[in-house]
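Undergrad: Handing you a structure now.
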Amino acid sequence: MPKKIKSDPSKRYKARYGSKIRKKIAEIERESKATHQCPKCKTKSLKRNGTGIWKCRKCGKKTAGGAYKPKTPIGAKVKRTLKEVKQETEE
Ligand SMILES: [Zn+2]
């Protein structure tokens, strides 16, 4: 189970980081606690079960993904780039 955070998550980081980064962290914390769509049963039952591990409460499907989101924007970019590279080599 993820740790319960009582106060505003961004407050824990104080002024050490800029407000933009604190906002980003708050967003990541929110995303990491939110439920996401399961790739198998398509219900919004996918919950973070640890860093990079997501588990569906409905069908029990376990999936590896981003540390804080099932699919990271970086992961999608890597996938896209790989596809482009593949297409280039095939032509
Ligand atoms: Zn599922």
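Using the three backbone atoms N, Cα and C, a Cβ is placed for every residue, glycine included.
Pulled from TrEMBL, these are the listed features:
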type	residues	note
BINDING	Cys38, Cys41, Cys56, Cys59	Zn(2+) binding site
ZN_FING	38-59	zinc finger
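Help me picture these features in the structure, burial and contacts included.
TA: Classification of Cys59 (Zn(2+) binding site) by DSSP places it in coil, neither helical nor stranded. All chains included, 14 other C-beta atoms sit within 10 angstroms of the C-beta of Cys59 (Zn(2+) binding site).
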Undergrad: Note the mean pLDDT of the zinc finger (38-59), expressed as a whole number.
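TA: Averaged over the zinc finger (38-59), the predicted model reaches a pLDDT of 90.
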Undergrad: Using the recorded Zn(2+) site (Cys38, Cys41, Cys56, Cys59) as reference, state which further residues of the same chain have their Cβ within 8 Å of the centre of those residues' Cβ atoms, listed in sequence order.
TA: Pro39, Lys40, Lys42, Thr43, Ser45, Leu46, Arg57, Lys58, Gly60, Lys61
Undergrad: Of all the binding-site residues given, Cys38, Cys41, Cys56, which has the fewest Cβ neighbours within 10 Å once its own Cβ is left out?
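TA: It is Cys41 that, of the binding-site residues Cys38, Cys41, Cys56, has the fewest other Cβ atoms within 10 Å.
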